Amino acid sequence: MEVTFFGTSAGLPTKERNTQSIALNLEPYSNSIWLFDVGEGTQHQILRHSIKLGKIDHIFITHMHGDHIFGLPGLLTSRSFQGGENKPLTIIGPKGIQNYIETSLQLSESHLNYPITYIEINQQLAYHHNGFTVQAEMLNHGIPSFGYRIEAPITPGTINVEALRGIGLEPGPKYQEVKLQETFEYKGLIYNSDDFKGKAKPGPIISIFGDTKPCENEYELAKNSDLMIHEATYIEGDKKLANNYHHSHIDDVFNLIKQANVNKSLITHISNRYNIDEVTSIYNELSLDQTSPHFYFVKDFDTFKI
C-alpha cells in the first residue's frame with residue numbers, strides 16, 4: 001500500500017500547495033484507489049500522476065468545508081470520460097454530501113455514466129469492504145468533521161507443505177481451502193487449518209483525520225496506527241489560536257502520536273501563511289528536539305509506502 005498527497009494546504013491554495021486530497025493505493029490487497037477529500041483542482045493534480053480516475057472506487061469526505069469538497073463535481077464528471085464508465089463509485093461523508101453533489105451536477109446539467117452509492121455518516125460508522133474495515137468517528141471542528149481508521153485485511157499464514165504431506169495431502173487445490181478456511185476435511189477427518197500454516201499477518205492500520213482540535217475520539221482512531229495522517233494548520237506559535245479556530249497545533253499532534261503509540265505520522269493541511277522555506281526551517285528545528293516523535297511535513301505529490 002502507499003499514500004499520495006494531491007493537496008496539502010489549509011483553506012486556500014498556494015503557489016506550492018493545492019487544497020486537500022489524499023489517495024490511498026490498496027495494492028497488493030486490491031487494484032483500487034481510495035480518495036480522501038477532493039479540494040478544488042484535485043483532478044488537475046491527478047493528471048500529473050499515474051493514478052487514473054477510473055481506478056478510484058471510493059471517496060471519503062472528512063467534512064463539508066470548501067477546501068475539502070470543491071473539487072468533487074469536476075472530478076466526478078471527468079471520471080465518466082477517464083475509465084470510470086459503468087464502474088460503481090461509493091462516496092462516504094457527512095450529511096449533506098449527497099445533496100451537494102447532486103445539486104452541483106443538476107445545476108450544471110452534468111451527467112454521469114456510472115452509479116454512485118452514498119453513505120452519509122451521523123455520529124460514527126463501521127464499514128466493511130473486500131476485507132478492509134473502516135471506522136469513522138466524529139471530531140471537533142465546529143461543524144461535523146470525521147476521522148477515518150482503515151484496517152487492511154489479514155494475510156493468511158504460509159502453508160506448511162511438509163506438515164500437510166505428513167497427513168498424506170500433496171500440493172493441489174485443497175491447499176487453498178487450508179489457507180483460507182478455519183478447518184478442512186481430508187479422508188473423513190476434520191483438521192484445524194492453523195496447525196498447517198504459519199502465523200497470520202495483520203494488515204497495516206492507517207488513520208486519516210479531518211480538521212479538528214484535540215478531542216477524545218482522536219485516540220480511538222489513532223491508537224497503534226502504522227501510519228497517521230493528521231492536520232497541523234499551525235506548526236508554530238500560540239496553540240490557543242489554533243484551538244480557538246477548531247484546528248490542531250503541531251504540539252497537539254505530537255501529544256497524540258505519543259499517547260496513541262503511532263509508528264509514523266505525516267502532517268498535512270499546513271496554513272498558507274507558511275511558505276516552503278519556512279516549513280523546512282520549522283521542521284529542521286523541531287527535528288533537533290529529541291523529545292519530538294517521528295513525523296514529516298508533507299508536500300504535494302509526496303508518496304509514501306505503508
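Glycine is no exception: its Cβ is also placed from the backbone N, Cα and C atoms.
Summarising the annotation, Swiss-Prot assigns active site, proton acceptor to D67 and lists sequence analysis as the type of evidence. Annotation note: D67 (active site, proton acceptor) sits in a helical segment as assigned by DSSP. Cβ neighbour count for D67 (active site, proton acceptor): 22 (other Cβ atoms within 10 Å of its Cβ, all protein chains included).
Neighbour count (other Cβ atoms within 10 Å of the Cβ, all protein chains): 28 for D211 (Zn(2+) 1 binding site). Annotation comment: Swiss-Prot describes H63, H65, H141, D211 as Zn(2+) 1 binding site, evidence class sequence analysis.
Reduced to three states, the DSSP call for H269 (Zn(2+) 2 binding site) is coil. Among the features that Swiss-Prot reports, Zn(2+) 2 binding site is placed at D67, H68, D211, H269.
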For D211 (Zn(2+) 1 binding site) and H269 (Zn(2+) 2 binding site), the CA-to-CA distance in whole Å is 8
Among H68, H141, the one of these binding-site residues whose Cβ has the fewest neighbouring Cβ atoms within 10 Å:
H141
Name the residue among the binding-site residues H65, H269 whose Cβ has the smallest number of other Cβ atoms within 10 Å.
H65
As a test of the contact definition, list every same-chain residue at least 6 positions from H63 (Zn(2+) 1 binding site) whose Cβ is closer than 8 Å to its Cβ.
G93, P94, H141, I143, P144, S145, F146, G210, D211
